[in-house]
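Visitor: Please read through the structure below; I'll follow up with questions.
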Amino acid sequence: MAEGNGELLQDESMKIDVEAERTEDYQKLIEYGLDEKVAAKLDEIYKTGKLAHVDLDERALDALKEFPVDGALNVLGQFLDSNLEHVSNKSAYLCGVMKTYRQKSRAGSSQGSATPAPAAVKGPDEEKIKLILDRTGYTLDVTTGQRKYGGPPPGWDGSTPGAGCEVFCGKIPKDMYEDELIPLFEECGTIWDLRLMMDPMTGTNRGYAFVTFTNRDAAQVAVQKLNDYEIRKGKKIGVTISYNNHRLFVGYIPKNRDRDDLFEEFTKHAPGLMEVIIYSSPDDKKKNRGFCFLEYESHKAASLAKRRLGTGRIKVWGCDIIVDWADPQEEPDEQTMSKVKVLYVRNLTQDISEEKLKESFEAFGKVERVKKIKDYAFIHFEDRDNAVKAMEELDGKEMGGSNIEVSLAKPPSDKKKKEEILRARERRMMQMMQVRGGSMVPANMPLRGPAGQGPRTGTGMRGPMGRGDYGWPWAWGGGTWPGRWPPSPWGSGQQSGPGRSSRGAWSTTPSRPWGGSRQGKFTSR
């Protein structure tokens, strides 16, 4: 009996010793509702100094509480083994580890067996990275989805780089890190930030990165010097200008809704909506054309809205909608635009004829020709100064009962790229509709013709207009497929079309463009 009592006393003594070793945060974890084993494992991590209780927010604690105990212990073990030296938001990083664990578990379940442990991945050369950070004074922030270097540079007092300052770099070897990429891109100019996209499932990079420079010239140099550059033996990277997209295209909206109705409706589903752009039907100015563009405050906000709106579960006034990225706008350089003497005029009524337009614009100088297409037109001046003067005087003025908008037309982009973009869009939209059971396929949807032709039926549409954003979006609305390429202002024998793609032409790039804004382009002979 005495011996039994001795064993009992020994067990109680060990329990007291273990409890005495707990940190003061252990009880907080228990009170929050975490399992004792999970709380104990988390408490062990606290003791290592890699994580403090204040680092975890409610989102991470709630996720751990909902996790199966064995899964939570595995996640915390992976977290403990991770290199957290450059992780600034450890709570978000832990959530990322949990998300990856779920994805791997589902993948293993779908295959009918446990997913084998991935092979050890060679990490970056930390010594080289430390030397780079010490030399530049930049920071490195690591999450499960990306490794971000810089942004902004130390001591930077200028504005955030605008459009045209970022390049997309594709076909990067999967085991390459910023310690090899930074010195390469530094040769082209001052780096604002470099974001290497990571695959949490494998621990390697996704094969692409985005590099933002402090000015456009450096980005252009990077494209010229590094596109098709052999970064390793037999491994060439691709580099192209990237456009950070804030705009979504939404098709199949009710035609009887105005901008305010749409703004109120779409604000309910995602934050950060700044503007809704719609276009009136040429036949009925009180109706929209069955599609709109949503402009968000950032790419992150637009991406969130796309995920929420594109699930197929959200209806807008009972209508199934289609959501995709609008095409980012490629801005011509100043030298090119300085030679333009063609004006783009939109918001024209049916009563305004080419003769009336020529008469109105010729008050500012000789007009060589006028080409009107539905509710927009191109005015060709003989002299650029006269074109600019006409634009400044007539923009926003009333003509035929409508306030017209006048801007310089933008030169066209490469036709081959236009055709590739359009084909990719059509494939993607068909896939989206097939996923939804084919119920949204327009009855008169055309098939693609040979290269160089646009869709065969329907009517052309314009894109959202800002100061300098002109042309035609490739989108359909209200059950009609977009028409042929809009007629070229240079003559009936030519066709014009949409501009170039966004982030490169490699298979590793994230899919972006569909039905976005189109620059008003004119084509020379």
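Indices start at 1 and increase along the chain as displayed.
For all residues, glycine too, the Cβ spot is worked out from N, Cα and C.
Pasting the feature list from TrEMBL:
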{"type": "COMPBIAS", "residues": "451-462", "note": "compositional bias 'Gly residues'"}
{"type": "COMPBIAS", "residues": "490-504", "note": "compositional bias 'Low complexity'"}
{"type": "DOMAIN", "residues": "165-244", "note": "domain 'RRM'"}
{"type": "DOMAIN", "residues": "246-328", "note": "domain 'RRM'"}
{"type": "DOMAIN", "residues": "341-411", "note": "domain 'RRM'"}
{"type": "REGION", "residues": "440-462", "note": "region 'Disordered'"}
{"type": "REGION", "residues": "476-525", "note": "region 'Disordered'"}
Visitor: Pop the mean pLDDT for the domain 'RRM' (246-328) in here, whole number is fine.
Guide: 86
Visitor: List the helix, strand and coil residue totals of the domain 'RRM' (165-244) as derived from DSSP.
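Guide: Split into helix, strand and coil, the domain 'RRM' (165-244) gives 20 helix, 34 strand, 26 coil.
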Visitor: With DSSP, how much of the domain 'RRM' (246-328) is helix, how much strand and how much coil, in residues?
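Guide: Across the domain 'RRM' (246-328), DSSP assigns the residues as follows: 20 helix, 30 strand, 33 coil.
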